[in-house]
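Asker: Taken from TrEMBL, the feature domain 'Deacetylase sirtuin-type' applies to 1-298. TrEMBL lists 19-38, 106-109, 235-237, 261-263, Cys279 with the feature NAD(+) binding site. Per TrEMBL, substrate binding site is recorded for Tyr63, Arg66. The active site, proton acceptor feature in TrEMBL is assigned to His142. For Cys150, Cys155, Cys197, Cys200, the entry in TrEMBL reads Zn(2+) binding site.
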Amino acid sequence: MEAFQEILKRSKNIVAIAGAGLSAGSGIPTFRGAGGLWRKYDAISLATPEAFRSDPSLVWQFYHYRRTIAGQKSPNAAHYALASLSIPSVLKRVAPNAESFTLVTQNIDGLSTRAFREVAQRHSLSERDIDNLTRDTIIEMHGRLFDVLCTDSSCGHREHNTTNPICPALAGTEEITERHHEIDEWPAIAPLDLPRCPKCDALARPGVVWFGEGIQRTYTIDSVVEKADLALVVGTSSTVYPASGYQSIVAESGGNVAVFNIDDDTISSGRHLSFIGKCEDILPTALFGADVPEHPKAVKGDESCT
Ligand code: APR
Ligand code: ZN
């Protein structure tokens, strides 16, 4: 802990690389390990353009389910701790030499931006500053669960839509599990009844990045990672490219890496500092010591699932 705080004090450009473990404490299942199945499907097998092309009804039901869960959950103490670092005055306090902090998250649940908005409002930042800081300090590299994207590339319309259900035909399908229904009873929703693009009426899709697709804001991420002298690797199995490579880029250029994970398997040997345990328990203290900012709405440990 002391070694980490010393490093924090002299770091200039800090990047946090986050994964599903960041939201585990909020009750959102991770992909690998328990909770990675939806109905009978491996969550990862549904996150492809091929899966959507062959069965848009099934894939939309999966994302409707995930939208429903995410909409019911709240940020936890680890989201708030990282959110606080996006406030320039707080960053200066914990890392006096810091010129930048950027969160690069693989999560699509939106909890990091929700946490940041709340923290920023408590610091009385203007809406304009909040929008600018959100854009500058939080990169949702795998897209956003609550974005909807037109499948017609000549239109390409994207919009944020938190309506639930997003279309009438998906209502109630979040309740259906393998246990409740025979497989042939799962509803097959006709494409015309699935979400449609509000601009051109083509089939719409979730605004997330699927396997095989290009990630969001690649150039910005590359420059953030290249200049970083401290990487906080929070709740990711570091198995999915390109996020899996960011910590090595920081380490190879002489930077420090601090890993926060419940599992020590993800911690490779080398110059890493490792904090083994739930990030929602450890990260706030690691960053702020005895001075953890209050976050009245943070999900408490006993509300979470791991
Ligand atoms: N605190 C810290 N770490 C945790 C916690 C917790 N409370 N709970 C789980 N973890 C760790 C697990 O040990 C695991 O290493 O979080 C990690 C979650 O790993 P994955 O489920 O593989 O999630 P992630 O790394 O985000 O996956 C990357 O894969 O399926 C795709 O697009 C999806 O963005 C996702 C990507
Ligand atoms: Zn369109």
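Glycine is no exception: its Cβ is also placed from the backbone N, Cα and C atoms.
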Asker: Tell me which residues of the chain lie with their Cβ under 8 angstroms from that of Phe31 (NAD(+) binding site), as long as they are six or more apart in sequence?
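Answerer: Residues satisfying the criterion: Ala20, Ala43, Ile44, Ser237.
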Asker: Compute the centroid of the Cβ atoms of Cys150, Cys155, Cys197, Cys200, then list the same-chain residues not in that set whose Cβ lies within 8 Å of it, in sequence order, for the Zn(2+) site.
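Answerer: Neighbours found: Thr151, Asp152, Gly156, His157, Pro198, Lys199, Asp201, Ala202, Ala204.
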Asker: Which residues does Tyr63 (substrate binding site) neighbour through Cβ under 8 Å, counting only same-chain ones at least six apart?
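Answerer: Listed in sequence order, they are Leu145, Pro206, Val208.
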Asker: Nearest to Cys200 (Zn(2+) binding site) by Cα distance: which of the recorded positions Ser23, Gly27, Gln106, His142, Gly235 is it?
Answerer: His142
Asker: Within the set Ser23, Phe31, Tyr63, Cys155, Cys197, which binding-site residues show a CB-to-ligand 1 distance under 6 A?
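Answerer: Close enough to ligand 1 are Phe31.
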Asker: Going along the chain, which residues six or more apart from His142 (active site, proton acceptor) have their CB under 8 A from its CB?
Answerer: Thr105, Gln106, Asn107, Ile108, Val208, Val209, Ile215, Gln216
Asker: Enumerate in sequence order the binding-site residues Gly19, Arg66, Cys200 whose Cβ-atom distance to ligand 2 is under 6 angstroms.
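Answerer: Result: Cys200.
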Asker: Quick check: of the binding-site residues listed here (Arg66, Cys150, Cys155, Cys197), which one has the Cα closest to that of Gly235 (NAD(+) binding site)?
Answerer: Arg66
